[in-house]
Structure formats: C-alpha cells, structure tokens
Amino acid sequence: MSDKIGLFTGSFDPMTNGHLDIIERASRLFDKLYVGIFFNPHKQGFLPLENRKRGLEKALGHLENVEVVASHDELVVDVAKRLGATCLVRGLRNASDLQYEASFDYYNHQLSSDIETIYLHSRPEHLYISSSGVRELLKFGRDIACYVPESILEEIRNEKKD
C-alpha cells in the first residue's frame, strides 16, 4: 500500500499559531505532509519568502513527517501531483472561509478528480487569528507573541533590523 501524502498550502505571511495547529493535526493523518508556501498575487508580501520558509521549518522541526516546500506560478493541484499528494488540507475558521475554499475545491476537482480536499476546523482559541490581523497589529507596533510561533517572531525581528 502506498503512503498517504497530503499538501497544506498558504502564503503564511506570517505563519500563525492557527496554521501551526492545523499542520500538527494534519501531520497525524498522513505518512507525509508537505507544507507549501505559495506566492499569492492578491496579497502584498510582508515577509520575504526565504524568511517565511526558514521560520516555518523551525516551527515545524518537531514534526518528522512534515516538509516545507515553496512554489511560484504553479497551481496547487500541479504541485500536489508533482509531490505525489492525493489530498489537499485546508483549515476553516468560519463560513466565509468555507465559501472561499469551496470555489477552489471546485476548480481543483475539475483539474484533477483524483485529488481530494479535507477541511480541518480551527480550534476555538484560533478562530479569530489571521495573518492579516497579525500584520495589522505589527503595523501599529503591538505585541504579536501570543499569535505566532517563536521562530516566526524571530524572523520578523530579524527582518525589521535590516
């Protein structure tokens, strides 16, 4: 029997504790879980891709079956096929997230009907945490330590120094 391989994607700009929780839970469902950092042309970048990747790798270092990959100008289903993933993992905080994700699920299924999508609901303590909310707090100089993993906080501090 072949390994169960999943792919969880996002821009992770920055990664939050909500992302971390979904990844930790998803890692228990698969033999191998790829975490794909995707460039989102609809979002203005906050942290450079290299910083995001390094921060994620540190935050996820305790998960032996998880590997961080980065992608530019590729569809998620194409990356999934290339990596051998048969399942996309998505996190949901609310009904708006479900509606947003459902449209992508439709197209992904049209492009590759053998790739399934599973949704993991956010835990109550993470329902209102978002990367955009964290960026907004940072813009006004507020502390974000309770919203992001320590390694991400380090990357943000290092980027601010430069």
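Glycine is treated like the rest: Cβ placed from N, Cα and C.
The annotation ATP binding site is assigned in Swiss-Prot to Ser11, Phe12, His19, Gly91, Leu92, Arg93, Glu101, His126, Leu127, Tyr128, Ile129, Ser130, Ser131, Ser132. Residues or ranges marked as substrate binding site by Swiss-Prot on the basis of sequence analysis: Ser11, Lys43, Val76, Arg90. Here Swiss-Prot flags His19 as site 'Transition state stabilizer'.
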DSSP three-state assignment for Arg90 (substrate binding site): strand
ATP binding residues Ser11, Phe12, His19, Gly91, Leu92, Arg93, Glu101, His126, Leu127, Tyr128, Ile129, Ser130, Ser131, Ser132: largest Cα-Cα distance, in Å and rounded to whole number: 18
Reduced DSSP assignment, Leu127 (ATP binding site): coil
Protein Cβ atoms within 10 Å of Leu127 (ATP binding site), excluding its own: 13
For Leu92 (ATP binding site), nearby residues of its own chain (Cβ under 8 Å, 6 or more apart in sequence): Leu98, Glu101, Tyr119, Leu120, His121, Ser122
Those residues of the chain, 6+ apart, with a Cβ under 8 Å from that of Ile129 (ATP binding site): Thr16, Asn17, Gly18, Tyr147
Chain-internal residues, separated by at least six, CB under 8 A from His19 (ATP binding site): Gly10, Phe12, Gly91
Local Cβ density at Val76 (substrate binding site) - other Cβ atoms counted within 10 Å: 21
Rounded Cα-Cα span from Arg90 (substrate binding site) to Leu127 (ATP binding site), Å: 14
Local Cβ density at Glu101 (ATP binding site) - other Cβ atoms counted within 10 Å: 17
Under 8 Å by Cβ from Ser131 (ATP binding site), counting only residues of that chain that are 6 or more apart: Ser11, Phe12, Asp13, Pro14, Met15, Thr16, Phe46
